[in-house]
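As recorded in TrEMBL:
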| type | residues | note |
| --- | --- | --- |
| ACT_SITE | Cys261 | active site, nucleophile |
| BINDING | Asp30, Lys35, Thr86, Thr121, Glu153, Lys264, Arg329 | NAD(+) binding site |
| BINDING | Phe150, Leu151, Arg152, Glu153, Lys205, Phe250, Leu251, Phe252, Ala253, Gly254, Gly258, Lys322 | substrate binding site |
| DOMAIN | 315-417 | domain 'UDP-glucose/GDP-mannose dehydrogenase C-terminal' |
Amino acid sequence: MKIAVVGTGYVGLVTGTCFAETGNQVTCVDIDERKVEKLRKGKLTIYEPGLDVIFDRNTKEGRLKFTTNLAEGIKDAQVIFLALPTPPGEDGSADLKYILGVANDLGPLLENYAVIIDKSTVPVGTAEKVRERVAKNAKVEFDVVSNPEFLREGVAVEDFMKPDRVVIGTTSEKAKKVMEKLYAPLVRQGNPIIFMDERSAEMTKYAANAFLAMKITFMNEIANLCEKAGANVDDIRRGIGTDSRIGKRFLFAGIGYGGSCFPKDVQALEKTANEFDYDFKILKSVMKVNEKQKTKMMPHVKAYFDGDLKGKTIALWGLAFKPHTDDIREAPALYNIKELRKAGAKVVVYDPEAMENVRGVVGKKVKYAKSPYEAIEGADALMIMTEWPEFRTPDFDKMEAALKNKVIFDGRNLYELKDMRDLGYTYFSVGRDTVK
Ligand SMILES: NC(=O)C1=CN([C@@H]2O[C@H](COP(=O)(O)OP(=O)(O)OC[C@H]3O[C@@H](n4cnc5c(N)ncnc54)[C@H](O)[C@@H]3O)[C@@H](O)[C@H]2O)C=CC1
Ligand SMILES: O=C(O)[C@H]1O[C@H](OP(=O)(O)OP(=O)(O)OC[C@H]2O[C@@H](n3ccc(=O)[nH]c3=O)[C@H](O)[C@@H]2O)[C@H](O)[C@@H](O)[C@@H]1O
């Protein structure tokens, strides 16, 4: 099948590369000339495990191409994915200017029947708006389908190639057949394609993200209560996760959810509720709790140093909003850097993949270390912000030699409490210990 993907970011590049891998002819379109230039030279623009191998194969074998020209990109395409940004607008609702802008341009460029697919996360009713915009100038028949994406960064290729389910919103039989053919290689193991109307598919995406954000937030509140009540959130996670109605995943307490999607999508769903005159109270609480959770270690840090962080050096392990990605959008680490600097502390940071992105945002306000041990050399304390595997089993002898004080503020519960006590550390984690 000939496919065009408009927007070549995290979702567009993974979508394009994976569909090239399943034998399609894919052209990715992006307005960012530098991005397209780099991709054309065979260099990836994002860090995503496993993407490099299939990207290399499909560009070399000519199934995956890149352009900045929309007309060239969509020529003869049977399906056109819109994988464009939907950032929060001024009031927090999803800004559709990128999607509707491209929809305006598409009409006159269509030469044959095509299925236009909203891959971006868009509010209920967007497929209808896209249809109207395209229809204004289109001379040929077309369909607009909602096909939200559920991949996670860091495991995007695996999630895309083996999705738990594929959700497709359409009432057109013709579009349904095209979509079934396109996704057939990804649902061979019996994982379903779930068909529904466009509005339900759009809402499904927000419901999934909001539910997961709520699940994490619930555990963070349980963890906060555990600290007061003398219970251990790890035991509670195991105790409830084994109930198949609850499930084991997304129950890890920590310093809040970040990333480009949960924060903006919870907010956007709440705004959609407002539009329909519905007061979505749970979502409001989720946002409020998560905001506070991100810097929940700060009071402990301040208390440990008797309220005075001036001149203290605090090392941060982990900057990305989660492991296996270089993405720092809404990363809890950024909020902690800000708070630490406000309190007068010097900050040294280390992350295996996200250092360049942080340099772009924070610049010279922090020091960048080349290794986790360089970051803690002479530091007064260590804070852990992201659960990268390499932080899980550190060389504790090296750690002890480097740190000025044996104190760790662990926002991701990486170590066993007993081990840390045996090693003589003052060890703060989330929800596992009574905290006064
Ligand atoms: N990042 C993720 O893990 C996931 C994101 N989503 C959703 O997918 C959508 C895209 O997200 P990302 O890929 O993360 O965004 P991104 O910001 O990484 O990529 C968007 C790309 O679109 C390009 N673009 C902007 N205007 C354009 C135009 N007029 N023509 C062509 N290209 C244009 C940008 O240059 C950029 O490369 C959003 O709605 C997001 O909520 C859904 C599931 C997962
Ligand atoms: O719409 C999106 O963009 C995507 O958003 C999330 O994916 P992603 O943001 O890449 O990452 P997650 O693995 O979901 O983690 C999000 C945040 O939750 C935090 N988290 C996750 C799980 C957990 O148990 N506890 C917890 O604090 C992570 O540290 C991270 O900050 C969803 O999981 C994807 O299904 C969805 O497609």
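Counting starts with 1 at the first residue shown.
Note: Cβ is positioned from N, Cα and C throughout, glycine not excepted.
Features recorded in TrEMBL, as mapped to the structure shown.
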residue: Asp30; record: NAD(+) binding site; DSSP (3 states): coil
residue: Lys35; record: NAD(+) binding site; DSSP (3 states): helix
residue: Thr121; record: NAD(+) binding site; DSSP (3 states): coil
residue: Glu153; record: NAD(+) binding site; DSSP (3 states): coil
residue: Lys205; record: substrate binding site; DSSP (3 states): helix
residue: Ala253; record: substrate binding site; DSSP (3 states): coil
residue: Gly258; record: substrate binding site; DSSP (3 states): coil
residue: Lys264; record: NAD(+) binding site; DSSP (3 states): helix
residue: Arg329; record: NAD(+) binding site; DSSP (3 states): coil
Listed binding-site residues with Cβ under 6 Å from ligand 2, out of Asp30, Gly258, Arg329: Gly258
In sequence order, those recorded positions of Thr121, Glu153, Ala253, Gly258, Cys261 whose CB lies under 6 Å from ligand 1: Thr121, Glu153, Cys261
Residue among recorded positions Asp30, Thr86, Thr121, Cys261 with Cα closest to the Cα of Arg152 (substrate binding site): Cys261
Those binding-site residues, out of Lys205, Ala253, Gly258, that come within 10 angstroms of Glu153 (NAD(+) binding site) at the Cα: none
Reported mean pLDDT - the domain 'UDP-glucose/GDP-mannose dehydrogenase C-terminal' (315-417): 97
Spatial separation of Lys205 (substrate binding site) from Lys35 (NAD(+) binding site) - C-alpha basis, Å: 28
Most crowded position, judged by CB atoms within 10 A, among Lys35, Lys205, Lys264, Arg329 as binding-site residues: Lys205
Maximum Cα-Cα separation in Å among residues Phe150, Leu151, Arg152, Glu153, Lys205, Phe250, Leu251, Phe252, Ala253, Gly254, Gly258, Lys322, which the record lists as binding substrate: 24
Lys205 (substrate binding site) versus Thr121 (NAD(+) binding site) - Cα distance in angstrom: 7
Rounded Cα separation (Å) that holds between Gly258 (substrate binding site) and Thr86 (NAD(+) binding site): 16
C-beta crowding around Thr121 (NAD(+) binding site), within 10 angstroms: 24
For Phe150 (substrate binding site), the one of Asp30, Thr86, Cys261, Arg329 that lies nearest, given that the recorded positions are compared by Cα: Cys261
For Thr86 (NAD(+) binding site), the three-state class that DSSP assigns: coil
